[in-house]
């Protein structure tokens with residue numbers, strides 16, 4: 001959502017905003033800055049550059065995403081494609097992050113940038129659908145992992161679909177509790193970032209020390225296809241899903257920018273720094289998986305191959321249970337982060353009348369100082385998506401994958417609009 005008016009790119013240094021002043025939005029038809037709604041609808045500015053960076057690092061908890069997608073890695077290309085696709089995606093997402101950071105420095109608003117009604121609403125809906133689907137995917141992953149955790153102690157246990165949905169719903173409502181507790185969100189982000197960093201080091205060290213290693217020939221040159229597709233090129237393309245999923249959340253800070261102090265300066269810095277850190281750790285995690293995959297062929301016969309991988313490497317005891325719980329907790333915090341971003345985007349879109357019942361969803365709860373109605377909208381939408389899992393796991397995964405695609409489209413639209421405007425300006429000048 002971008003404003004391509006050349007004159008609007010002139011920027012003055014911004015002084016720190018007072019927390020008791022109302023936030024602002026943009027008239028999506030005229031492109032002018034206007035009061036969002038009558039009255040004070042502002043959110044407190046509770047993030048600084050460090051807590052915002054922690055939020056983004058948590059959103060892109062890359063090594064945990066690689067782990068839970070163990071089966072996808074060995075179905076689609078194997079470790080070789082994981083390593084090379086991670087390098088390409090890190091570079092591409094880095095460029096995207098830099099572009100969005102520049103736009104954010106000019107227009108630090110939760111709904112992003114605007115250009116006319118149609119493109120603004122279209123981009124907003126693309127990103128909102130992607131945020132909802134991604135958060136739902138994280139919660140559903142956790143629901144499945146819980147079943148595997150129970151099976152460690154009770155091998156005869158079989159998780160029914162309704163139990164998966166109940167776990168899924170519980171995670172969503174627990175996420176809603178944190179999303180409506182605005183003053184604690186920076187602390188949650190810092191906790192998640194610390195666990196991500198420290199946990200990644202412990203995981204990598206343990207597996208490098210205990211897991212049998214494979215040759216560089218296998219890790220970097222062997223293409224594996226267990227997907228059922230015969231086209232090598234198509235499988236190679238699908239293998240990009242894992243690093244894209246791991247490095248999702250490029251726009252997360254954009255949607256909490258109205259809760260960041262000195263947003264024009266600190267939000268872009270946090271976006272770029274967190275992307276550099278996450279891309280580096282994602283590549284390191286991919287290399288650890290590539291050289292320490294264990295007996296992957298036997299692991300692939302289980303429902304959750306990565307759990308079997310952990311058991312085979314660490315042993316079936318307290319250590320493995322603790323490792324799985326840490327990953328579940330991190331996934332939960334990621335769900336909190338993505339749901340927070342989605343709710344803030346929905347709130348901002350409602351201010352611009354891009355949602356049905358906009359007055360309801362654009363309100364700020366005086367009790368929570370958070371867009372409570374927007375949070376509930378996101379949670380209910382995710383619950384509805386969860387019902388699809390009753391019929392087919394593949395249908396649910398298709399919805400989540402579609403959401404990932406719509407987010408990328410939502411990223412591309414404002415970047416293309418700015419590029420097109422600059423070309424027109426160059427031609428005129």
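Yeah, the Cβs are placed from backbone N, Cα and C, and that goes for glycine too.
According to TrEMBL, the protein carries these features:
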COMPBIAS  1-10  compositional bias 'Polar residues'
REGION    1-25  region 'Disordered'
COMPBIAS  11-21  compositional bias 'Basic and acidic residues'
TRANSMEM  49-70  transmembrane segment
TRANSMEM  82-110  transmembrane segment
TRANSMEM  122-145  transmembrane segment
TRANSMEM  165-181  transmembrane segment
TRANSMEM  188-211  transmembrane segment
TRANSMEM  231-249  transmembrane segment
TRANSMEM  270-291  transmembrane segment
TRANSMEM  320-347  transmembrane segment
TRANSMEM  368-390  transmembrane segment
TRANSMEM  402-425  transmembrane segment
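Between the transmembrane segment (231-249) and the transmembrane segment (188-211), fewer than three CB pairs separated by 6 or more residues in sequence fall under 8 Å, so the two stretches do not touch.
Against the transmembrane segment (188-211), stretch 320-347 shows more Cβ pairs under 8 Å than any other of 122-145, 165-181, 320-347, 368-390. Here the transmembrane segment (165-181) touches the transmembrane segment (320-347). Their Cβ atoms form 3 or more pairs under 8 Å, with each pair 6 or more residues apart.
Same-chain residues lying 6 or more positions outside the transmembrane segment (320-347) and placing a CB less than 8 Å from one of its CB atoms are 43, 55, 58-59, 61, 64, 67-68, 110-112, 124, 127-128, 131-132, 134-135, 138-139, 141-142, 145-146, 148-149, 152-153, 171-172, 174-176, 178-179, 185, 188-189, 191-192, 195-196, 199, 203, 249, 251-252, 254-256, 258-259, 307, 310-311, 314, 355, 361-362, 364, 370-371, 374-375, 377-379, 382. Beyond its flanks by at least six residues, the transmembrane segment (49-70) meets 82, 141, 145, 185-186, 189-190, 192-194, 196-197, 199-200, 203-204, 241-243, 245-249, 252-253, 256, 260, 262, 265-267, 269-271, 273-275, 277-279, 281-282, 284-286, 288-289, 296, 299, 305-306, 309, 327, 330-331, 333-334, 337-338, 341 of its own chain at Cβ-Cβ distances under 8 Å.
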